[in-house]
Amino acid sequence: MAHPLIIKISNALAYVFLLSANIYSGLEGDEGGSPYHNSHETYITPAPFVFGVWGLIHLLLGGFVIYQFWDSANEVVVDVVHWHFVCIALLNTLWLTLWENDYLIFAAIVVLFISGQISYVYYSLLKTQFAAHNWADRLFIHAPFTLYHAWIAVVLTLSIFAVITPEKTDENPILLVKIVVVIALFILKGLSVAYIEGGNSDIAGSVVIAWTLIGIFVEQQDPIIH
């Protein structure tokens, strides 16, 4: 078993790596293929303001990498987060690179692996022995991974649509695309409700999905999708 300090230092380095990659991607502009500038836009792509959630997640993860050095966070970091956050950060950066270089199928596959890693952490934190004991636990451990879990569901949806549907044009989408988009919207709505009704009253995750749906409503103009 790795020494807890090694895990914590690795988490901090992974966070800096992930943050740097996303800042660079955001500053590249439209020509860089960044997802934050509506590259590979489809008929389910939300308005750019939705990606502000990602900034909030980064902010809270920054709090996590600092708070993890407190003794009160030691058990959760070692037994739950462990090496998963390092894997998540590296995979997330890989997804970003694949997306920007138009390897969309591989990007979607990578998101599936990210989803598995973040889901393990998310559902482990729901267990009684890892329940939040104070506001710092809630804000710097539970909140960032809850938001991340919901956000990855959004990223997975966008990645799949970038693979299976044509890029958005000024013309109206064909009926099949409309049907697929509507089905995806209902799935996202169901997920938003499930976060609250699933027994954990996970409002944060529900808000992320709801925020995305608002962004899709704002961005898309087709009457059926809108």
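Sequential numbering from 1, following the chain as shown.
Cβ atoms here come from the backbone N, Cα and C positions, even for glycine.
Here is what TrEMBL says about this protein:
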type     : residues : note
TRANSMEM : 6-27     : transmembrane segment
TRANSMEM : 48-70    : transmembrane segment
TRANSMEM : 76-96    : transmembrane segment
TRANSMEM : 103-125  : transmembrane segment
TRANSMEM : 145-164  : transmembrane segment
TRANSMEM : 176-196  : transmembrane segment
TRANSMEM : 202-218  : transmembrane segment
Contact check, the transmembrane segment (76-96) vs the transmembrane segment (176-196), 3+ Cβ pairs under 8 Å, seq sep 6+: no
Chain residues outside the transmembrane segment (145-164) and at least six past its termini with a C-beta under 8 angstroms from it: 35, 40, 42-46, 50, 53-54, 56-57, 60-61, 88, 95, 99, 104-105, 107-108, 111-112, 114-115, 118-119, 121-122, 125, 180-181, 184, 187-188, 191, 195, 202, 204-206, 208-209, 212
